[in-house]
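These notes concern the structure reproduced below.
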Amino acid sequence: MKALIVLGLVLLSVMVQGKVFERCELARTLKRLGMDGYRGISLANWMCLAKWESGYNTRATNYNAGDRSTDYGIFQINSRYWCNDGKTPGAVNACHLSCSALLQDNIADAVACAKRVVRDPQGIRAWVAWRNRCQNRDVRQYVQGCGV
């Protein structure tokens with residue numbers, strides 16, 4: 001009986017944790033979803049961004065106390081501007097979706113919203129992690145050996 005309880009708790013923690021992509025699996029998925037070269041942004045740059053924003057974790061969240069917004073999902077898309085979480089004051093919801101959609105293992109909605117973000121004048125510079133960890137750096141390592 002104890003073994004079943006422990007197994008249940010382990011399975012529950014896996015469900016809450018979400019999908020953490022393997023590097024090459026994510027690279028192939030992003031390529032398939034049209035991210036390689038989207039708005040002139042290389043697949044390696046998208047991979048670097050995802051690495052430093054979420055560690056490739058679809059369920060990553062980060063609360064920002066200053067403006068009471070939250071960053072969601074593999075790209076850490078912010079509820080102040082891009083999605084609706086029902087609790088961020090003055091939210092814009094420019095991607096026209098619920099923030100919970102950004103936490104799914106299927107990242108199609110997250111990719112569509114990230115594409116919307118980079119259509120704004122700031123482009124990929126909207127992400128602080130990209131500016132701090134990827135901009136003007138050799139990011140080839142994020143796709144190396146993935147065959148993409």
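The backbone N, Cα and C atoms fix where each Cβ goes, glycine too.
Per Swiss-Prot, the feature signal peptide maps to 1-18.
Marked as domain 'C-type lysozyme' by Swiss-Prot on the basis of sequence analysis: 19-148.
Its own atom aside, the Cβ of Cys24 (disulfide bond) has 16 Cβ atoms within 10 angstroms in the protein chains shown. What Swiss-Prot lists as disulfide bond is Cys24-Cys146 (among others).
Swiss-Prot lists Cys48-Cys134 (among others) with the feature disulfide bond. Residue environment of Cys48 (disulfide bond) contains 25 other Cβ atoms, counted within 10 Å of its Cβ in all protein chains. According to DSSP, Cys48 (disulfide bond) sits within a helical segment.
According to Swiss-Prot, the feature active site maps to Glu53 (among others), an assignment based on sequence analysis. Glu53 (active site) falls within a helical segment according to DSSP.
The active site feature in Swiss-Prot is assigned to Asp71 (among others). Within 10 Å of the Cβ of Asp71 (active site) there are 24 other Cβ atoms, across all protein chains.
Residues or ranges marked as disulfide bond by Swiss-Prot on the basis of sequence analysis: Cys83-Cys99 (among others). Non-local contacts of Cys99 (disulfide bond) by the CB criterion (under 8 A, 6+ apart in sequence, same chain) comprise Thr70, Tyr72, Ile77, Ser79, Cys83, Asn84, Asp85.
Annotation note: Cys95 (disulfide bond) sits in a coil segment as assigned by DSSP. According to Swiss-Prot, the feature disulfide bond maps to Cys95-Cys113 (among others).
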**Prompt:** Quick one: what's DSSP say for Asp71 (active site), helix, strand or coil?
**Reply:** strand
**Request:** State the three-class DSSP label for Cys113 (disulfide bond), counting H, G and I as helix, E and B as strand, and everything else as coil.
**Result:** helix
**Prompt:** Within the domain 'C-type lysozyme' (19-148), how many residues are helix, strand or coil going by DSSP?
**Reply:** 54 helix, 14 strand, 62 coil
